[in-house]
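J.: Let me begin by handing over the structure; questions about it come next.
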(Lines of atoms letter the chains of each structure in order from A; the text may use other names.)
(Lines give C-alpha, C1' and ligand atoms only; values in the text may rest on other atoms or scores of the structure.)
Protein backbone atom coordinates (compact mmCIF):
# COMPACT_ATOMS: atom_id res chain seq x y z
CA UNK A 1 0.00 0.00 0.00
CA UNK A 2 1.01 3.38 -0.78
CA UNK A 3 1.46 5.72 2.00
CA UNK A 4 -0.42 8.97 1.82
CA UNK A 5 0.73 12.08 3.48
CA UNK A 6 -1.56 13.75 5.81
CA UNK A 7 -2.43 17.00 4.08
CA UNK A 8 -3.78 18.56 7.16
CA UNK A 9 -0.44 18.29 8.86
CA UNK A 10 1.42 20.14 6.04
CA UNK A 11 3.02 23.33 7.25
CA UNK A 12 1.02 26.47 6.41
CA UNK A 13 2.82 29.14 4.44
CA UNK A 14 2.05 32.69 5.50
CA UNK A 15 1.54 34.69 2.27
CA UNK A 16 2.08 38.46 2.55
CA UNK A 17 -0.62 39.02 -0.11
CA UNK A 18 -3.42 38.25 2.33
CA UNK A 19 -3.05 41.73 3.79
CA UNK A 20 -3.06 43.53 0.38
CA UNK A 21 -6.24 42.27 -1.21
CA UNK A 22 -7.77 45.78 -1.78
CA UNK A 23 -4.58 47.46 -3.04
CA UNK A 24 -4.95 46.09 -6.58
CA UNK A 25 -8.40 47.60 -6.89
CA UNK A 26 -7.20 51.01 -5.69
CA UNK A 27 -4.21 51.03 -8.06
CA UNK A 28 -6.44 50.02 -10.99
CA UNK A 29 -8.94 52.80 -10.18
CA UNK A 30 -6.18 55.42 -9.94
CA UNK A 31 -4.76 54.32 -13.30
CA UNK A 32 -8.25 54.45 -14.84
CA UNK A 33 -8.69 57.97 -13.47
CA UNK A 34 -5.37 59.09 -14.98
CA UNK A 35 -6.21 57.60 -18.37
CA UNK A 36 -9.63 59.29 -18.27
CA UNK A 37 -8.02 62.67 -17.51
CA UNK A 38 -5.61 62.24 -20.42
CA UNK A 39 -8.48 61.34 -22.75
CA UNK A 40 -10.54 64.37 -21.68
CA UNK A 41 -7.53 66.65 -22.18
CA UNK A 42 -6.97 65.25 -25.65
CA UNK A 43 -10.63 65.73 -26.54
CA UNK A 44 -10.54 69.36 -25.41
CA UNK A 45 -7.55 70.00 -27.67
CA UNK A 46 -9.33 68.40 -30.61
CA UNK A 47 -12.49 70.40 -29.97
CA UNK A 48 -10.46 73.63 -29.83
CA UNK A 49 -8.76 72.81 -33.13
CA UNK A 50 -12.15 72.07 -34.69
CA UNK A 51 -13.48 75.46 -33.54
CA UNK A 52 -10.42 77.25 -34.90
CA UNK A 53 -10.78 75.52 -38.26
CA UNK A 54 -14.47 76.44 -38.39
CA UNK A 55 -13.73 80.09 -37.57
CA UNK A 56 -11.01 80.23 -40.23
CA UNK A 57 -13.46 78.78 -42.76
CA UNK A 58 -16.12 81.36 -41.80
CA UNK A 59 -13.55 84.15 -42.13
CA UNK A 60 -12.54 82.91 -45.57
CA UNK A 61 -16.17 82.80 -46.74
CA UNK A 62 -16.73 86.30 -45.35
CA UNK A 63 -13.64 87.68 -47.10
CA UNK A 64 -14.58 86.15 -50.45
CA UNK A 65 -18.14 87.49 -50.21
CA UNK A 66 -16.90 90.99 -49.29
CA UNK A 67 -14.46 90.88 -52.20
CA UNK A 68 -17.28 89.91 -54.57
CA UNK A 69 -19.42 92.81 -53.34
CA UNK A 70 -16.46 95.20 -53.64
CA UNK A 71 -15.87 94.15 -57.25
CA UNK A 72 -19.58 94.60 -58.00
CA UNK A 73 -19.49 98.09 -56.49
CA UNK A 74 -16.38 98.99 -58.49
CA UNK A 75 -17.96 97.68 -61.70
CA UNK A 76 -21.09 99.76 -61.05
CA UNK A 77 -19.03 102.92 -60.57
CA UNK A 78 -16.85 102.28 -63.62
CA UNK A 79 -19.64 101.32 -66.00
CA UNK A 80 -22.76 103.27 -64.99
CA UNK A 81 -23.13 107.04 -65.09
CA UNK A 82 -26.32 106.94 -62.99
CA UNK A 83 -24.41 105.15 -60.23
CA UNK A 84 -21.74 107.84 -60.27
CA UNK A 85 -24.36 110.56 -60.00
CA UNK A 86 -26.06 108.77 -57.10
CA UNK A 87 -22.71 108.32 -55.33
CA UNK A 88 -22.07 112.05 -55.65
CA UNK A 89 -24.85 112.86 -53.18
CA UNK A 90 -24.19 109.89 -50.88
CA UNK A 91 -22.42 110.65 -47.62
CA UNK A 92 -19.13 108.93 -46.86
CA UNK A 93 -18.92 106.35 -44.12
CA UNK A 94 -17.35 107.95 -41.08
CA UNK A 95 -16.27 104.64 -39.56
CA UNK A 96 -16.11 102.06 -42.32
CA UNK A 97 -14.83 99.33 -39.98
CA UNK A 98 -17.94 99.77 -37.80
CA UNK A 99 -20.52 99.92 -40.61
CA UNK A 100 -23.46 97.63 -39.87
CA UNK A 101 -24.45 97.36 -43.53
CA UNK A 102 -27.74 99.18 -42.97
CA UNK A 103 -27.06 102.71 -41.72
CA UNK A 104 -26.33 104.50 -43.99
CA UNK A 105 -28.17 102.43 -46.56
CA UNK A 106 -26.02 100.35 -48.89
CA UNK A 107 -25.73 101.27 -52.56
CA UNK A 108 -26.19 97.64 -53.62
CA UNK A 109 -25.49 94.06 -52.72
CA UNK A 110 -23.29 91.32 -54.07
CA UNK A 111 -24.79 88.04 -55.15
CA UNK A 112 -22.71 85.20 -53.68
CA UNK A 113 -25.07 82.33 -52.95
CA UNK A 114 -26.28 80.57 -49.84
CA UNK A 115 -23.07 79.99 -47.85
CA UNK A 116 -23.16 83.39 -46.16
CA UNK A 117 -25.27 84.42 -43.19
CA UNK A 118 -26.57 87.49 -45.07
CA UNK A 119 -25.95 88.96 -48.51
CA UNK A 120 -22.87 91.19 -48.71
CA UNK A 121 -23.53 94.88 -49.29
CA UNK A 122 -21.48 97.77 -50.62
CA UNK A 123 -21.56 101.54 -50.20
CA UNK A 124 -20.34 104.08 -52.74
CA UNK A 125 -19.47 107.71 -52.07
CA UNK A 126 -17.71 110.40 -54.07
CA UNK A 127 -14.53 111.85 -52.67
CA UNK A 128 -12.83 115.09 -53.61
CA UNK A 129 -11.66 115.28 -57.22
CA UNK A 130 -8.00 114.83 -58.02
CA UNK A 131 -6.73 117.67 -60.18
CA UNK A 132 -3.43 118.32 -61.87
CA UNK A 133 -1.29 121.33 -61.14
CA UNK A 134 -1.84 122.37 -64.74
CA UNK A 135 -5.22 124.17 -64.84
CA UNK A 136 -5.77 123.14 -68.46
CA UNK A 137 -5.86 119.46 -67.49
CA UNK A 138 -9.24 118.02 -66.44
CA UNK A 139 -9.85 116.71 -62.94
CA UNK A 140 -10.35 113.03 -62.17
CA UNK A 141 -13.36 111.83 -60.24
CA UNK A 142 -12.59 109.76 -57.15
CA UNK A 143 -15.01 107.34 -55.51
CA UNK A 144 -14.77 105.29 -52.35
CA UNK A 145 -16.35 101.82 -52.37
CA UNK A 146 -16.80 99.95 -49.08
CA UNK A 147 -18.14 96.41 -48.85
CA UNK A 148 -19.28 94.46 -45.80
CA UNK A 149 -19.98 90.76 -45.53
CA UNK A 150 -20.73 88.12 -42.95
CA UNK A 151 -19.43 84.58 -43.29
CA UNK A 152 -21.28 81.43 -42.32
CA UNK A 153 -22.04 83.05 -38.95
CA UNK A 154 -22.86 86.61 -37.91
CA UNK A 155 -19.58 86.85 -35.96
CA UNK A 156 -17.33 86.50 -39.04
CA UNK A 157 -17.46 90.02 -40.48
CA UNK A 158 -15.20 91.43 -43.18
CA UNK A 159 -15.12 95.06 -44.32
CA UNK A 160 -13.11 95.96 -47.43
CA UNK A 161 -12.59 99.36 -49.01
CA UNK A 162 -11.17 100.58 -52.30
CA UNK A 163 -10.86 103.84 -54.18
CA UNK A 164 -11.68 104.22 -57.86
CA UNK A 165 -10.15 107.05 -59.88
CA UNK A 166 -12.08 107.84 -63.06
CA UNK A 167 -11.17 110.18 -65.88
CA UNK A 168 -13.72 112.91 -66.55
CA UNK A 169 -16.38 112.30 -69.17
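A Cβ is built for glycine as well, from the same backbone N, Cα and C atoms used for every other residue.
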J.: Please find, within the list 1-21, 22-42, the residue stretch that TrEMBL describes as transmembrane segment.
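T.: The range carrying the transmembrane segment annotation in TrEMBL is 22-42.
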J.: I need to check the long-range neighbours of the transmembrane segment (22-42): which residues 6 or more away from its ends have a CB within less than 8 Å of a CB in the stretch?
T.: none
J.: Can you count helix, strand and coil residues in the domain 'Type 4 fimbrial biogenesis protein PilX N-terminal' (21-71) using DSSP?
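T.: The composition, in the requested order, is 49 helix, 0 strand, 2 coil.
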J.: Note the mean pLDDT of the domain 'Type 4 fimbrial biogenesis protein PilX N-terminal' (21-71), expressed as a whole number.
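T.: Value for the domain 'Type 4 fimbrial biogenesis protein PilX N-terminal' (21-71), mean pLDDT as a whole number: 89.
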